[in-house]
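Straight from TrEMBL, the features:
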type: DOMAIN; residues: 35-474; note: domain 'Neutral/alkaline non-lysosomal ceramidase N-terminal'
type: BINDING; residues: 60, 169, 406, 445; note: Zn(2+) binding site
type: DOMAIN; residues: 476-534; note: domain 'Neutral/alkaline non-lysosomal ceramidase C-terminal'
type: DOMAIN; residues: 535-621; note: domain 'Neutral/alkaline non-lysosomal ceramidase C-terminal'
């Protein structure tokens, strides 16, 4: 372990991937303003990469950066619109597309699918059971265990990349984690790329492995299920709470001994199946690439249920159960899941601070008891989006449906069926329809009408009301029909969303940094031991010395799974960082060192940011303590 004093000034551990015109990001609880990326692409490539054929899809890790969304609810919960978060993300996405563009060459694509059993769990089974029995009987599980994989090769058959979709929330690194992490899907990507890109650091090799989430809205990787952490008893089935401590004490646990072990297990399961499908893929995709995109005002969509009945969507609103959280992280207050009535205490506070919901929105959102009527809250900016994206890209017989939110298991199934079963058109009947979630903009959850009635967390977070799913299906079917009939050019563009230029940050100016007495920035506070034996749990450096050339080789970075970086903000403007490397059994014997790079802030008339670095003593890694 290496400890030294520092102040960290930049994001760590984030890297990006591109695949043709689809970009996948390791994001936080929201996706974001993609106009910044599209403007950069337009400057470089004209109309080659544009709104219609670029999808920004978040893997949805809950351990990523925040502060890159423009609506008030997310500004408040992310401490503002943080330019130092968004600019590296934009730069990374554009750079990944640049690399993909420069390395583009003729190739072949193969599709395959299989099942991963035991790596996901429905966290709202009571809501799922409210779906029609005859519909549920068509499926063997209350989660989608299907994984769909696209294999990319050049014309000689050499592998170029893989793209996989699996329905699971990346929350193996649960709410207790304070480090940047790409979670289980990111670890699957890491394993696949490390195997294919031998000798490369993470994110730098030619082979790209992208793992996206599918219809994972009600799906957790914490497969041991929820327990009351204060008593060890099972949580209440209906509202996921505990007799003592409420929802905060009800926590689901993964299959491992801790969050790192659980992330490893789930990630390895996904990686192994994707690798198997990659190796056995034989069904080649043939045909053209098509793309269709529309802007939709989701607050005012009329859905025709049959020849005589129609329904409408609503202005956005969040229900009381939204504040209860989930078994992957409950709320701190006395809210519970499954609330179909309001609470006079909290409703009174809301009315005094924000105003009461209108009768119109309450009737439209029924039976949701509204906690925040976000569609009627517009200061200083709208609290939720009205205008959202709907988008489909087809590659031969594969249709990628870009959903701007978190579809539950059954919602995703209905979207897939809705796209495949186009009346009077067989173009999508035999297609493989893939749900890719959290695309382009974030609209919270998408439940079925029946799940919405139960009003657990997912239903309370279905912001456009009980007919949200039907509205999305209607629009996705319209896009699919336009592609099938060759009429994409006739699609109306739809009302474009607003883009706010005067966004603000709620983060204060970082204070200047101080080092303890008789030390300077970069000084090592706790040195490494002179020798380590390779074993499962210990610490090591990330640079290896080569005697033949007298040079140091970087063998791991902060993007490596084996490394961990902790920064603890201390008192009196002093802080400590800890760097760990958990030595893999594959580590080579030799001489190593730890190095750390950072920045500290001083004020000399005006703020000055200064770089520093620290290095440990050299030490040996050996297979046995007797080989010195």
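A Cβ is built for glycine as well, from the same backbone N, Cα and C atoms used for every other residue.
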With a radius of 8 angstroms around the mean position of the C-beta atoms of 60, 169, 406, 445, what other residues of the same chain does the Zn(2+) site pick up?
-> 213, 216, 217, 405, 437, 438
What DSSP reports for the domain 'Neutral/alkaline non-lysosomal ceramidase C-terminal' (535-621) is 0 helix, 49 strand, 38 coil
Count of other CB atoms lying within 10 Å of the CB belonging to residue 445 (Zn(2+) binding site) | 23
Number of Cβ atoms other than its own within 10 Å, given for residue 60 (Zn(2+) binding site) = 26
Taking the Cβ of residue 169 (Zn(2+) binding site) as the centre, count every other Cβ atom within 10 Å, in any protein chain shown.
-> 26
Can you name the residues of this chain that are 6 or more positions from residue 406 (Zn(2+) binding site) yet have a C-beta less than 8 Å from its C-beta?
-> 60, 216, 217, 437, 438, 444, 445, 446, 458
The domain 'Neutral/alkaline non-lysosomal ceramidase C-terminal' (476-534), counted residue by residue under DSSP: helix, strand, coil = 12 helix, 7 strand, 40 coil
